[in-house]
Structures are given as structure tokens and as C-alpha cells.
């Protein structure tokens, strides 16, 4: 019978409308209410008849018929008997589909514990009973008895007795004098008799009275779980099962294979074991078997049920016939292949195809070429309906035949169907939302999809065999969204940074660069032209070339915005390009009247987009693409080996550096420098040599050479490619023609012998071997990093998925302060770029008080110039970090939607966009590590240069002139300030301890002048007073070694770890400076001139030698320069987002005060800070010995200063300096990693993620709320509870914000469905069930999982409309109820969703 007809009889069931999903523990009654019958036999199907056995695991009587509307014995067939139950075989006549829905159950002969509540840490049963897991297992697995009621015996309540003790006690006190049980029955009894409210009261009292640190935490955990049971309506004894539910048979199928064998789901095996053991146990109990046998059987039953629920969680993994572990119910949910990630979040779609891509340069930006064969297949249903409508076919079958035969009318109809019906193209891996875009298909012959060249950057596609998938949006809404939101013409800007992503690359760039070249001495130089027609004529007549310097007329705009034509000094090529520019006041001809490199082209597109809008930009892009391709093809640029020019000075430079390296080797041999210092210096010298050669080569290649007749020779082709940004980088050119340079080992260290040859000369065998090292590392890294980066993206998406724009404005007064980021004197991120597209939090005024941007307005391009001109150094802007929206984020705090250049829309999923923007370059970069073939880039800063002209002021001027006459920085907080002529601070540079200052107070300084320099490879310890050296506790062999370098015979003193030896563990190695009278000198700030020496410091002076203030008395060697490469970067980003404590983290002062050194404690140094405030307790720090402590006794520190160097732990920054400082730190650190690779990401994306990491509060004082001290609660719950408490006249709770890493934050979201689908599924579900959690379906993931539209974008609007509709319905119903008595009143019109 036709399925359509069948469906007529089945009433259409409306999908159940629900607002939330709750999860709790199933009670035995609940399990029985689900069940359609008890399963008594382990049999599955009769292997001869293939019919299910009665009462077996596939029983048709319990689960329903195998064929639609047919009972098992065949007595009742067909629809007319629907609902009849056959008296012979007991099967209900209905659809076989019910075998996917109906459940059964197994009644257990003895209760068993649910393994999730027992073994999933923390053990819920253990917490409730306050017993250890070990004791619980001994009871449950029948090793010990537990006393339930001691009666009058001296036994204790809940005492554990082993078999012997139990029998002995029975003999001693009589059998009925006390009650002791064993197994799950015992635990069930205890759980059933628990008086939860009373226990909770007792615990609260105990917590209030407890004095120790740890006890309340432990008690609070137990109290929390008891309250969870009280509130959720779960009963503790339900954690022990008496009935086991059996899932429907079609979800654990048994399929006959050929050859009489069967393929079966593992669950059937697991269920069979449970049934077998249960039946055996029943028999043994009936037969009154000996206790020991029954007990053994009960233990085996417990193990069987454990394996069914979660195989391998306890004891051995149960394996099938082929030694493969069986997949239990828990495994069905867990992991990438589990139900959540494989089926609920990773559904497959139909109406899709995939094929190889080829370039389609003649396409428009909104088009893609779709092979006819593919289109015919994808649009079949549309073609059938159109054929039917036009009368070509009467039935679907006929239409099918027509399409199969590919009749000519089919192609005409295909054309009609496809017109204006967008398709979506996707290239895997889809790292950000631009990996799927919509295009209008254009039918082409062949089998490859044609892709527009300009969208390649967004897809990260190239044409070396990449494949792409095509998807057809079917419904009208889907087509509409594809056209309005996903069309390639709507995605011109990059969501990560707001720069154009539809940017010409490679050939197009080369063509445009070639067109806009200007050369001296070309024919026709200096001619004048009135219009383009004349120029074209002259070009055709070869009177001029594209590059001739001419005077030509072009349209532009004057100051008043009037269109005028002016004469420019330009070239014909530039005029041709200028013709393509849209006419607009803000886009004068000067935009194109220069040499076009990739960057210039990008700026040009940006200017066009910002001023002329999207449509003009798209047309313009298509035009310049055509021009670029045409001119590149005409130019015929290619290169040969002579284009790679090796500088003549190469042998000389190499010789000089080799001599330097030999000299360092000699110095090492003479014992003047250590091995590490020698290595650093040699590497440094070769690095400089490499740079010098590269510069010489670049100078040679880029130099313009003249012919004999004064005409410019054509520019070097390689230089053109690299300079224009079309292909190749200076690094690659350096390797081709200068020298390959330093290489890195796989461990990341730099090999000190560089590769002197370049690729043109060819490498020697040894050099080749060294270079394979780096290259291989690159390839290995690529594979590993792709996985790491993907995992980072997954965690980011998970933590940020519920950050959605929910309200237009939260009216927050707060914000964060932004200023330019200056690193080593270079402006890395200017103030303009950081505040553009953000909302001002306070009025920005010019010097005379006129408002540039009022508070609450967006800072646009027009304002930025004025802010700059007004000399404003710091701007307070609104940020998502300080947004006060209850759920999600408000539009004002977020600012501009970077991908559109307009204020962000309601419902935009900014969290996911942020996650993609941060994650996408991670993968890109990891895939990009090996492009420079492992050639080492040494990143080490050793000086500060001034960026401004001005006057020098030195803050906290602790300096001294040493023996060499250098000004040495003697303190940690010295800063060099450069003041402008009007006294404004232009820049502040913190100068590190031990640096040599090149300027002093009041000096005038020029741009590019050095302010200070230091040795990047060592950290010095300086003396602050003049005197002679004395050693303290520097004992040869115990705390110091004097190594005589075997190569040189020169002694070198070094501090060694003195704690390794018991005898010397109490030493405190130090150097003292003695004055003339032989006493230890006094420092100005009090305290003695005693300098503690950390492990591995190298002593640079002899005892008794005289020193001057500012001299280096010892130095600590820094680690050798590691190559910096995002390889180090990606783990760093992950470390920051996971908020891990770095290995050797900095110790930060928690208060401002004076430093005191205390008594040493074991092998730690004790430092305390005495705060300046009166009555404040000193704060103690224990610092492992051998760490270099920045401070000396008596120093004054500010809150937040470093005591011990290192990367600070983000938690410390949050605790000491607050949220704004923490955000600034995380943003800067993460940005630094990306900047190093030249990736630009807008700060707001990182802020969104940090906001998600700061959603929890640690309760300090619970006030009159239900919270427990030390508990972590959601910010939202915290605020709501406080409002409630204040309303009831109570005291609000206080708390401190907690920083959670992204994994932890994802697992602690309000939605348990989202958390379960992320990681640790079992743990999340166990906890949610105990708490009876309800998921209100607010985020994106949970809605995808339950199969709804996501509450973002158009889905948000739908959700809003649905809410409004429900409110109206309620009003109407309420009125109807009233109107049975009263007359109708008009319904008030509720505001619809915008």
C-alpha cells in the first residue's frame, strides 16, 4: 500500500511544545510505567524461523509487530484489524515503528547499585552516606557486612564487619541481637532511612562551628548534595536499581548476514548477561542455595548491570567474541562517535554534492559555475514539479523518465529552476563563517565547480585539487537567508578585523602593480592628454607605454565637493585604473595615483566600501580583477636564474662574521664568557650577518638600472612579485639569493652553524642535512598543530556559544580604558585602531571643550582623526566585559559588527564569531609554519628607541655611574618619560633593572635615538654602594663550584644548588659589599649591602676586589634564544584561555608596602610585605630558594609589582588588580602571539571570550542567602539571590569574581545538555540528574540538539514572535473566560519583535 495513503489514517501529531527539559533519577515505578512487559528469557530470535522468541529480548508481544499491521502468527493482517490484540500470539496489530519506541524491563532478583552514582567522581552515594568509595565497594561487592542496627551490642552503627567478625558477633551476641546486611540491599536500606532535612540542619550547624580550613569545604560538599536531593524530588534509594529498563529492540538491532550468521548490537550481549545471571539468581533463591553461592551470583549480577551501563568503569572491561570491548549505554553517548556529537550535532544533509574546483575568472562575484549534471541531480524535485506544471509529464514517473533521458526541454526547465535560486558552497575545514557562502549558479559543461578568484581568500581555497561541497537551500526562508545573509557579495569584510577579505591576490596584484608602474625614459615622456580616448589612441600607436610619465586629465573633486577635471602627473596605466573608480567626493584620483601593492589595493577597496557601499564595491572589485588578469597576462612576467642577484659583498661579510665567531670561541676558551653566552653571541652574529646580506641583496634587486639611452631597465621580476605582495616574501628571496641563514633543531633551539649558501649556489651536503632538520619539523608540526588548533576552536565555540546580542543597550556606566600599545618603543597597536567602531563610555572632548563624540555614541572613522589631533592618549569605551545585560550582551557594549561596518544587529551570535575569529588563524598559522623552511627568526629585544622628539624626564631616578662611566638603572620602577613641547606625556618606557641609560634628566631627544640598552641574554646583579667584595656562605663544593674550563684552564665561579646536600642546606649564599672599615656597608634605604645569589648565577668578581656603585657583581644567564614561531604561540594562547598557572609563575605583591626578609623556612625564602595602611597584617610569601628575587630588604613596592619574575598567573592579576587589568593582560598577551605572525584580530573578540570565563562568583560571606561560603555560583544567580535577600530585609552575600579556563567554563554552563555534549558526558549527566536540573534551552547548542531553530539571527526573531503570540493567546483566553459574563473589549496590541 502506498505510504501516502497509510499516512491518511495516522493523525498528524503536533510536535510537543516545551520550554525546558528536566533530567532526574528514574524511580522503579517510573521504569515500570515506561515498560510494555517484563523480559524473562535471554533468547533473541529463533534462528530457523527468524521470528522473535516470546518473552525474549526481541519479543513481539512486548515490543510490537515486525511487519506493519500484521501479527506474528499471521492471523490478523491488514489495516482493518488496527489495534486488535491477537489471542494466539498476543501481538498488537499496529505499525512496526513502535518497535523503536516501546521499552521493556527486567525485574532484578536482588537490588544493584547504579554505577554512575557509585563510581563517577565524586561518588554521589559515598557523599550522601559519608563513606569512602573503598568501603562502599566492599559492601556492594559482598566482602563486608555493615551494621544497620547495633541493638544492645557494643557494635557501632554503620560499622563494617568482614565474614569472620560477623559470624563471631552472631555467636557472641546472638543472631537477632543486631542487624547487619551485605550488598546493595544494605545500602538501599540505609539510603531509604535517611532523614535528609535533619542531616542538613546538623551539617549547617557543624559548618558554622568548625574552625579548620578544610572541614567546612568537605561538609559543604555533602550539604550541597543533600539539598540537591531535597529540592529535586529525587529519593536517595533510587540510586539503587530494582528494575532495569530495556531499550526498544530497533535501537539495538540484530541483522542476519548471509551464511547464517548474525550481526548484533553489543547491547544485546550485555542485556543477555544480565538476564542470564538474574534468572540463575532467582533459581538459586528458590532452591534455597547456600548463602555463599547466592552472594556470588548477586555480585556477578551487580557486575553485569555495571557493564551494561558503563563497561570498563569498574574492574575488567567485558569483551565480545573478538576481544573487542563491548559498547555499553554510556559509550553510546560519549565522545566524537557518541549520540551527541555524531547524530545530534553532526547531522548529514541531503540535496548536496561535491566536486573539484577550478578557477572561473569570467564569473561575477555573486556567481559560481555549477556542472549541468550536478545541477540536474540537485534540483530534481524542482524540475519534476515544473515539468508537471508545464504539462510535459502527467506523473512523477514520467517526469523521472524525461530527466533520465536528458530531453532538451529538461535543460530549458533546469535553466528556469536555477535562475535566482542560490546554492551554498562550502570548503572543509570550515574554520569561520566565511567557509560557507551562497552563490547564484551558472550552468557549465564539464564536471568541476567554477569558483570566483576573489572569494578564494575567504575559503582559503586554491586550485591544486581542492574539493568543495554544494548545498541547495530548499525552503523559501532558506533561499531568502542564503541571498540576504550568505551571498558572497554580502561578505566583503572579514568578521575578525573588519578589513576587506575580497582582496585581489597573486596574478591580479601583479597585473595591477605592473599597470601602475612609472618608469623614466619611456617613449613619449612628458606628453599631455586631454582624455582617455587620446591616451588609448597613443597606446595603440605605440607612441607611449603604460609606464610613461605623462600629464593627463582625470575627474576628481575640489574642496567644496564639486566634480572637476584636473591635470595630474601620472601614467596611462594609472589613468586606466582610475577610470574604474566609482565617482565619490571622498575618493579622489590620488587614491590610485601611486604604485599599487597588495596593501594599497586593500586600502583602496576599504575606502570604496566605506564611502560607496556594497554594490559599488562589488562592481569595482570585479572590474579591477579583470584588469589585473588582463595586464598580468600581457606583461608576461617570468624570472630566470639571473634575476636572483647574489650580492658581491657576500664573501667579505661572511668572512667578517666567521672571524667574529672565532673570536667568541676564543673568549670562551679564555674563560671570559660561558658556553651559553658564547652560543648566544655566535647565533646573534650570524643573525645580523644574515640580515645585512638580505638588505644588500634587496638593495641590489630593487635598484633601478638605466639603459645606455637613459631609459629605465625593466624592474627585476622577482622583486616585482615580492614587493607587490603577489608571491614570495623577503625571507624567501633571502634564501634564494643571499644566504639560507640559521636553522632550528626540532627542539626549537637554533643550530649555531648557519647555512651560508643560498639556493641559487646550492647547498653542501652538510648544509642540506642541517636544513632538512627544520623542514621536517615544519611538516610534523603542521599535522599536530592542526589538531590542536581545531580543539582550541572547539573549546572556544563551546564556551562562547550563548553570547548573543539580546538587548540594544544595557545603559552601563562602566567601561574599560584603551590606550595605544607600545612595545620596545614601537607603536604596535595605535589608539585609533583600538577604539574604532566601539562605543564611547564618556564624552570625548577637544582641548577647548567641544565634544567630539558624546557618551553612548559609536566612534566612527570621521571621529578618529579628530581624537588623534586633540592629542587624547586614553579613551574610556564600553566593553562586553562590563556589559550589564542579564542574558547575552547588549549592542552598545559590543559596538560595530565588523563584517558589515554597521552597529551590530539584535540576535547576532557574537560569541561564535569571536571563537571563530580567534580559532581560525590558529589553524592557518599552524599550517603556515613551514613556509619559511624552518629558517630561524630570532626574536630578542635589547634596546629602546624613542618614537618622538621631546625632553627626557626620569621617574624614580635610581641610577648610578659605574666604573665604565655608564649610567646604570638600579631599581625596578625606573621609567623614562618623553615630554612634548607643550608638556604632554608622549611616551613612557619602563626600563629594566641593569640596563645602561643613554640619556639623562632634561636631555633633548630625537626620533630613533636610543634611550637604553641591555644584554638580552643575562640578568645582572648590581652593587648600590662603593666598597670591596666579600663572600658569604659561598663554600667550594657545597654552594659554589669553581670550574676550570678544560679547554682553557681558566677558573669560573658559579653558584650551585646547595639544598641537594643535607649538610649545606642551611646556607644562604650571598655577596656583601664592605666599606673601608671592613664592616658590611649600609644602603641608603636602610638594610645591609647584602645580595642573595640564586642558583646558576655566575660570579663576575673576586673576593676582596673593589667595586663602584652600578658595577655588575654577578649575572644570571637567561635561556638561549628560542625561535619564536606560533608553534610556541598556539600552546601559549591555549594556556591563557585555559587560565592555567604558568610553570614558573611570577609572584605579585598583593599590597603596597615595605619589604622585609624573614627567617628561611625549609628550602624557601620568606619575604613579607608590611602594608602602608595602619593596622594591616603583613603579607607573607614563601619563595623557593634559587629563584631570583627582584627585591632587597627595605625596598618599597607598589600593589601589583613583581616580586619574582615570570609570567604572572591570570588568577593573581584578577585577585590583586581586578577585572579590567586582567582583561587588558589577557588581551595583550593573546594579541602579542597573533601579532608576531602578522594576524590582526579585533580586541572585542578576545573580550567576549574573557567575559564568558568570568561568569562565576566565589561566595565569601553568604549573608542571608542560601549559598554556602566557598561555593561557586553563577553571576546571575548571585545577583538574583542578593536582590531577593535585600527585598526580604536580609543581608546580601558577598563574593569575588572567579576566572575559569574555557574547558571548565564550558562544563559549568547553565545548560547541562550543552555541557554533556562537550566533554565528560557521564559526569555532567550524573550531576544534572542528582540536582534534577532543568535546561531552559537558551544557548545555541542545546537548541540544535533538541532540533529547534537556534535563538540567534533570524531564529531569535522567530522566538520573540512566538513569545508574543503566546502572550496574546493567553490574553484572548483570559478574556474569553471573562466574556462568558462580560462584553468583549479590544485586545491590546502587544509590540511585535523588531
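Backbone N, Cα and C define each Cβ position, glycine as well.
Taken verbatim from Swiss-Prot:
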BINDING   71, 73, 86, 89  Zn(2+) 1 binding site
BINDING   462, 464, 466  Mg(2+) binding site
BINDING   810, 883, 890, 893  Zn(2+) 2 binding site
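Of all the binding-site residues given, namely 71, 810, the one with the smallest number of surrounding CB atoms inside 10 A is 810. Of all the binding-site residues given, namely 462, 464, 466, the one with the smallest number of surrounding CB atoms inside 10 A is 464. Annotation for the binding-site residues 73, 86, 883, 893: lowest Cβ count within 10 Å of the residue's own Cβ, 73. For the pair formed by residue 86 (Zn(2+) 1 binding site) and residue 466 (Mg(2+) binding site), distance between Cα atoms is given as 60 Å, rounded to the nearest Å. Cβ proximity to the Zn(2+) 1 site centre (mean Cβ of 71, 73, 86, 89, cutoff 8 Å) flags the following additional same-chain residues: 72, 74, 75, 76, 87, 88, 90, 91. The Cβ of residue 890 (Zn(2+) 2 binding site) lies under 8 Å from the Cβ of 805, 806, 807, 808, 809, 810, 812, 883, 884, each on the same chain and at least six residues away in sequence.
Ranked by Cα separation from residue 466 (Mg(2+) binding site), the binding-site residues 71, 73, 893 are led by 893. Cα to Cα, residue 464 (Mg(2+) binding site) and residue 893 (Zn(2+) 2 binding site) are separated by 44 Å. Residues 462, 464, 466 make up the record's Mg(2+) site, and a Cβ search at 8 Å around their centroid adds 357, 461, 463, 465 from the same chain.
Annotation for residue 89 (Zn(2+) 1 binding site): same-chain Cβ neighbours under 8 Å, separated by at least 6 residues, are 54, 60, 61, 71, 72, 73, 75. Taking the centroid of the Cβ atoms of 810, 883, 890, 893 as the Zn(2+) 2 site, the other same-chain residues with Cβ within 8 Å of it are 807, 809, 812, 878, 880, 882, 884, 885, 889, 891, 892, 894. For the pair residue 893 (Zn(2+) 2 binding site) and residue 462 (Mg(2+) binding site), the Cα-Cα distance reads 38 Å.
The DSSP secondary structure for residue 893 (Zn(2+) 2 binding site) is helix.
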